[in-house]
Amino acid sequence: MWGFLKRPVVVTADINLHLVALTGMGLLSRLWQLTYPRAVVFDEVYYGQYISFYMKRIFFLDDSGPPFGHMVLALGGYLGGFDGNFLWNRIGAEYSSNVPVWSLRLLPALAGALSVPMAYQIVLELHFSHCAAVGAALLMLIENALITQSRLMLLESVLIFFNLLAVLSYLKFFNCQKQSPFSLSWWFWLTLTGVACSCAVGIKYMGVFTYMLMLVVAAVHAWHLIGDQTLSNVGADVECCVRPACVGQMGMVQRVRVFCHLLARAVALLVIPAVLYLLFFYVHLILLFRSGPHDQIMSSAFQASLEGGLARITQGQPLEVAFGSQVTLRSVFGKPVPCWLHSHQNTYPMIYENGRGSSHQQQVTCYPFKDVNNWWIVKDPRRHQLVVSSPLRPVRHGDMVQLVHGMTARSLNTHDVAAPMSPHSQEVSCYIDYNISMPAQNLWRLEIVNRRSDTEVWKTILSEVRFVHVNTSSVLKLSGAHLPDWGFRQLEIVGEKLSRGYHESTVWNVEEHRYGTSQEQREREWELNSPVQVDASRNLSFMARFSELQWRMLVLRSDDSEHKYSSSPLEWVTLDTNIAYWLHPRTSAQIHLLGNIVIWVSGSLALAIYMLLFLWYLLRRRRNVHDLPQDAWLRWVLVGALCAGGWAVNYLPFFLMEKTLFLYHYLPALTFQILLLPVVLQHISDHLCRSQLQRSVFSALVVAWYSSACHVSNTLRPLTYGDKSLSPEELKALRWKDSWDILIRKH
Amino acid sequence: MPPATGGGLAETELRPRRGRCGPQATRAADRDVAARAAARNPKRPARGSRRFETASRWALLALVTLLSFATRFHRLDEPPHICWDETHFGKMGSYYINRTFFFDVHPPLGKMLIGLAGYLSGYDGTFLFQKPGDKYEHHSYMGMRGFCAFLGSWLVPFAYLTVLDLSKSLSAALLTAALLTFDTGCLTLSQYILLDPILMFFIMAAMLSMVKYNSCVDRPFSAPWWFWLSLTGVSLAGALGVKFVGLFIILQVGLNTIADLWYLFGDLSLSLVTVGKHLTARVLCLIVLPLALYTATFAVHFMVLSKSGPGDGFFSSAFQARLSGNNLHNASIPEHLAYGSVITVKNLQMAIGYLHSHRHLYPEGIGARQQQVTTYLHKDYNNLWIIKKHNTNSDPLDPSFPVEFVRHGDIIRLEHKETSRNLHSHYHEAPLTRKHYQVTGYGINGTGDSNDFWRIEVVNRKFGNRIKVLRSRIRLIHLVTGCVLGSSGKVLPKWGWEQLEVTCTPYLKETLNSIWNVEDHINPKLPNISLNVLQPSFPEILLESHMVMIWGNNGLKPKDNEFTSKPWHWPINYQGLRFSGVNDTDFRVYLLGNPVVWWLNLLSIALYLLSGSIIAIAMQRGTRVPAEVAGLSQVLLRGGGQVLLGWMLHYFPFFLMGRVLYFHHYFPAMLFSSMLTGILWDTLLRLCAWGLASWPLARGIHVAGILSLLLGTAYRLFALEPDLLPLFQYNYRQFSSPEDCLSSPEFLDHIRKVMLVIDAAVTNVEDLSSLEEYLVSLGRKHRTVGVKLSSFSVGKGALPLSRAPDLGPLLSPRSPLATHYLSSIPISLDNQSCICPAVWPRHALDLSELPSFLV
């Protein structure tokens with residue numbers, strides 16, 4: 001225990017100066033003049049408002065990705081003491097003095113800078129030469145698009161960082177596996193793989209694909225592990241000990257268990273990421289507790305759990321809906337807009353434009369604003385009073401109710417008349433007793449959709465209910481169509497006949513609720529200080545809030561289909577497009593997302609060469625011709641699985657996506673190409689160059705190629721940093737492709 | 001790929017871990033031998049009984065086929081009206097007979113076959129197929145239905161043969177055949193004029209022939225080998241030619257072929273030349289042949305449909321020129337555009353239509369209140385525009401002026417012929433699309449302002465600088481704002497007559513939405529030339545029709561607030577499809593799977609995944625197993641794997657599809673999962689039997705298991721389809737008189753059951769719906785066995801009360817109520833000749849009456 005007293009304490013440190021130098025250069029390139037330009041650049045306008053929401057603790061909903069990415073950016077703001085008071089309204093707006101630009105941009109820049117040494121490490125861990133590793137890092141360093149993207153308040157560089165971290169830590173783990181399984185570093189790297197994967201997923205959904213790739217690679221390795229006969233099953237060692245025959249083999253059999261191996265991987269790569277992902281949302285929901293502009297999209301129960309907003313209204317309202325309750329009914333589906341069941345004095349026009357007739361009864365619509373006409377009274381069909389009786393008679397699942405409109409005292413009715421906009425459904429109206437030609441059909445059976453038992457009571461906010469019409473067994477539904485002018489452009493409500501189909505547009509919940517009381521009751525209640533009231537918000541668990549938020553994020557569709565700088569995935573590989581990020585208000589200094597075209601093109605070439613070589617080797621191996629030694633072949637396959645695979649999973653899914661795509665979506669895929677590039681070069685030099693002379697010539701070519709890449713990078717530097725105002729001629733000279741959109745001021 | 005797991009067995013040499021199967025383990029574990037040994041019946045057949053065995057196999061196959069045909073053709077003519085999608089496919093069959101051109105999102109083969117069947121069976125194509133429920137009356141529809149049922153009937157024997165080949169086990173094949181024969185869903189889907197039976201026929205044929213040619217692998221290039229290989233190709237072409245869903249089976253065959261070639265390539269005993277031959281044979285039979293056939297179906301399609309019809313508007317101008325009856329057919333118009341020409345301008349994007357304007361203004365609040373400009377799919381006077389120079393207003397048709405052609409880059413004005421307003425754009429936002437500019441008609445009698453000037457640009461400039469009718473693709477660029485005239489494809493609201501929005505887009509990307517061509521062209525000063533020279537070539541029309549089909553498929557998107565069937569609904573039989581049900585009294589057809597079959601299938605997939613992974617892991621760990629088990633696991637992994645792959649390929653892609661989905665999309669996958677069930681249960685039961693080791697018991701378990709599965713499926717079929725009862729003479733007797741019937745023990749038993757149920761229903765009267773449901777089905781059963789109201793009235797007086805002693809203890813205090821209630825039902829419907837099940841419970845169970853009646 002006191003050993004350290006007996007022996008001298010010696011710290012031996014190996015410092016890889018290459019690594020230090022690369023890190024330094026990475027930091028320099030990414031952090032240099034970070035606060036310039038002191039204005040909103042491109043998508044900062046978009047992420048910035050979320051940072052402000054975080055600072056002000058206001059709830060928001062963004063469908064672009066899980067909250068971890070936004071939180072990382074907000075952390076920068078928190079460290080810089082940002083108070084959230086800045087109006088992010090247009091690109092190019094000057095930051096006011098309270099915005100800590102440096103610390104806001106710091107974290108993405110750090111992530112971008114650290115990607116450089118990580119590229120070095122990854123290639124090294126893939127067992128390629130030191131030279132190739134430095135090459136990969138240097139390519140990362142001078143890639144203009146990566147620099148631009150890292151220096152701003154954007155998420156791609158963070159995503160790339162975690163992607164690379166996942167790959168690196170898996171490789172470290174995999175290399176540990178051979179030497180010292182279950183050692184501390186083995187556990188560390190395994191866990192870090194899982195953590196990095198979930199962070200990548202937490203930043204953008206695109207991270208899922210890298211995660212999948214890691215899972216597949218891990219699964220293949222685990223499958224080999226199962227087939228590895230030198231590892232014993234659980235408990236098999238014990239059996240072996242008893243049998244004299246196996247004792248000799250004991251030395252061979254490592255006392256490591258396949259099962260433990262599999263379990264450890266499952267925990268680290270499946271359980272930890274899932275837990276972390278939940279944790280991101282947990283923190284997100286803890287941080288954002290105030291109601292804000294995106295409340296409307298969420299359900300009433302969710303809104304009530306936020307401070308302010310709906311909670312202020314619903315606080316202290318009675319929980320159980322009883323006969324005689326006065327309620328507002330909100331459509332759970334909320335598409336195209338959230339709205340409440342509504343009626344007003346006006347009637348359906350006698351004859352529609354297309355000549356069809358209507359019942360000419362009072363309109364029932366769905367209205368997206370709070371209004372006194374949204375109030376309905378739940379009435380017991382067998383009694384006449386519209387107030388609650390004492391004792392309260394709560395409404396239960398399966399009960400027959402009538403819904404009486406509060407302002408007009410007419411009850412909700414549907415009948416076999418075609419609805420105005422959706423003629424295949426029934427019209428819903430508030431019944432007017434013109435004559436007896438059309439009898440009232442105003443009985444509705446209440447169905448609580450999310451009930452736990454069949455006698456459950458209808459609860460404010462929490463219960464999701466359907467109204468099934470008793471006579472025609474049709475269901476009250478929000479059709480989604482807008483009524484024309486006679487219906488004041490409110491939304492149409494219909495009765496839809498269904499057999500068993502379920503759709504959220506038929507589901508409603510009570511949002512505001514009070515007991516209707518007669519005068520004397522009210523006085524008595526005043527004395528008794530009103531009945532026990534339960535706060536509905538407390539009943540919503542984290543998982544319920546999480547699943548709702550997650551679901552809304554996934555299904556939310558924003559329809560900004562076109563953007564000036566949007567592009568298609570095919571244009572990315574050859575860099576046929578760019579994005580103008582920012583233009584100096586007076587001079588022609590400007591920032592563009594524009595890649596180093598030499599690297600882009602050679603990256604794609606390297607990928608093609610890799611694929612061809614791989615196919616060639618594979619076919620020849622199948623015919624039993626081994627061009628590569630076994631270990632070189634295994635390395636070659638692994639690098640393909642990780643780098644070419646990484647490129648594929650980060651690029652190909654975009655072809656299936658329908659959202660607006662931009663050039664920066666390609667950057668994660670590009671980093672994998674950059675990793676592959678030096679590896680392919682080294683392979684060509686090692687295995688395809690036959691003589692020393694060829695090798696030297698090839699090396700010279702590589703050096704020449706790299707210096708041209710450096711030259712291009714340097715030429716494009718003014719567009720990357722935006723620090724130099726170029727003359728129109730110089731700008732025109734930089735427009736190497738017609739499709740590049742470089743801004744030239746007309747003077 | 002399923003076969004990837006093969007071969008692991010022979011290589012592993014391990015010390016025996018468990019002593020139990022020591023002697024067997026020493027036996028050589030050749031894969032093929034093992035499989036056969038496992039599959040063969042334990043009793044090794046004597047040489048003499050061999051012939052008997054072959055004969056019995058044929059007999060079984062014949063039986064399966066017969067049963068399948070019998071079930072599919074039983075009461076094929078009912079209902080004698082249009083059911084569900086018959087309205088589409090029947091109509092399209094008629095189009096082929098009438099040779100009018102139409103547009104559909106599916107490739108033509110299926111509908112062509114339907115048309116052919118109709119033609120051969122004497123249908124003249126005059127029936128309109130307007131809407132489901134229309135009576136066929138004298139029109140002959142049985143030919144078309146019979147053809148579909150004929151193809152649908154083959155599914156069962158095909159599945160039988162496939163499973164037989166994959167598992168080498170008769171019982172597995174029989175089980176599969178039973179599952180499919182007794183599945184009500186397959187039955188229903190095969191009986192109507194639909195594409196699905198045709199599609200499934202080709203899918204199963206491809207699967208069968210693929211499996212067959214796989215089993216010919218030991219004698220390549222033999223006649224059967226070639227036969228099955230090319231048959232696979234033909235079936236693939238058929239599947240793809242019916243619906244694009246056929247791509248999935250192509251993918252499966254492709255994967256199988258790649259695995260196959262990979263195996264051959266790795267076989268060092270084969271020379272590269274031989275491998276090359278194999279490759280060529282497959283390329284020929286599986287790529288070239290299907291493609292040729294597929295193209296041929298389109299060639300026939302275009303040849304047959306030579307008349308203009310309802311599908312014209314979806315296609316480009318050049319395409320329409322082919323169709324007789326279309327105004328572009330054999331038309332002769334001036335070739336090059338000149339100033340003063342009257343033209344129509346068509347958008348190149350599919351189904352957008354012609355540039356159009358009319359005497360209506362944009363409503364208040366939507367941009368400037370000027371005349372609307374839209375696109376319109378139909379031909380109309382308001383589509384005509386006059387092309388004018390931007391700076392002069394003189395009439396270019398004045399004969400004193402020379403003809404001046406419009407050239408690329410010219411600045412022009414387009415004047416709407418009917419209203420004399422110029423095509424105009426300005427910095428107002430378009431009505432629907434954000435960030436686009438509004439396009440209007442502006443000016444009086446052709447005089448407007450500088451916002452009316454457009455630069456005309458030709459995108460494909462290989463024809464020189466002039467602008468050619470139909471062939472030149474032009475863009476119109478607004479001079480002042482620099483935006484491009486395009487159509488967003490969005491439908492305007494009522495005020496715009498639901499025509500499509502036209503905008504001027506500031507994004508200069510070349511999309512089809514902003515490219516136009518000139519279609520009609522009138523200019524008296526120019527010579528007309530015949531348009532025949534412009535007729536597109538066959539590859540062009542093939543490509544175009546595919547583009548239109550893909551566009552059409554993508555267009556079938558569900559709306560937000562609609563109820564749609566989700567893929568996860570399907571395997572659990574969550575919700576069926578209503579095929580027919582004109583009104584409450586008519587009898588109805590509902591597409592729904594047999595729950596026993598479907599849930600068994602679902603269970604089997606889970607069980608398969610479990611047992612498959614256990615076996616795979618055991619093999620990977622190098623566990624030694626006896627040959628018997630090794631053979632069985634090979635069957636499970638290879639045969640089952642093939643089928644599972646088929647199921648996955650035919651099911652999972654639907655999760656990614658954005659279009660509207662229906663329940664019937666699952667049926668191809670269901671065929672595969674039924675085959676999996678057959679293989680799985682047979683193998684598992686055999687494994688069980690092997691585990692128990694003692695032969696008589698083992699065989700007993702196997703046979704009993706298979707039999708109980710068979711009976712289970714059949715039972716449920718009868719429960720769902722009472723119509724089939726008489727077919728199988730199940731519990732069905734003829735009686736000479738009603739009295740005879742009433743006194744029979746069967747009837748008494750029947751009454752006892754009915755009373756029991758009604759009694760139970762009265763006790764739990766809250767749940768009225770279930771009572772109603774019961775009564776409806778009771779009525780249906782009565783009708784099926786032919787109970788008439790008259791026989792009921794005999795029974796009413798005679799039975800329940802007079803026979804009370806027979807009912808004995810069942811007459812609880814509540815029972816009189818039930819009997820009273822029961823007897824009251826027919827009274828309310830005395831004037832009807834037959835008991836119509838859907839009606840009478842409703843009358844009897846008037847909600848207002850019932851409570852008082854039962855108190």
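For all residues, glycine too, the Cβ spot is worked out from N, Cα and C.
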In TrEMBL, which of the ranges B:1-50, B:401-450 has the region 'Disordered' annotation? B:1-50
So which residues does the transmembrane segment (B:669-693) touch in its own chain, when a touch means Cβ under 8 Å and the partner is 6 or more beyond its ends? 38, 155, 159, 162-163, 166-167, 169, 171-177, 179-180, 183, 185-186, 200, 203-204, 207, 570-571, 593, 597-598, 600-602, 604-605, 607-608, 611, 628-629, 632, 635-636, 639-640, 643-644, 646-647, 650-651, 699, 701-702, 705-706, 709
With an 8 Å cut-off on Cβ pairs and a sequence gap of 6 or more, do the transmembrane segment (B:639-662) and the transmembrane segment (B:225-251) reach 3 or more such pairs? yes
What does DSSP give as the helix, strand and coil breakdown of the domain 'MIR' (B:403-459)? 3 helix, 29 strand, 25 coil
Composition by DSSP (helix, strand, coil) of residues within the domain 'MIR' (B:334-390): 3 helix, 28 strand, 26 coil
Residues outside the transmembrane segment (B:281-305) whose C-beta sits under 8 Å from one of its C-beta atoms, at least 6 past its ends, are 95-96, 99-102, 107-109, 112, 221, 226, 229-230, 232-234, 236-238, 240-241, 250, 253-254, 257, 260-261, 322-323, 538, 541-542, 545
For the transmembrane segment (B:596-619), find every same-chain residue at least 6 residues outside the stretch whose CB is under 8 Å from a CB in it, and list them. 5, 8-9, 179, 182-183, 185, 571-573, 625, 633, 636-637, 640-641, 644, 647, 670, 673-674, 676-677, 680-681, 684, 709, 712-713, 715-716
Could you give me three numbers for the domain 'MIR' (B:464-521), the DSSP helix, strand and coil residue counts? 6 helix, 27 strand, 25 coil
Looking only at the domain 'MIR' (B:334-390), report the model's average pLDDT. 84
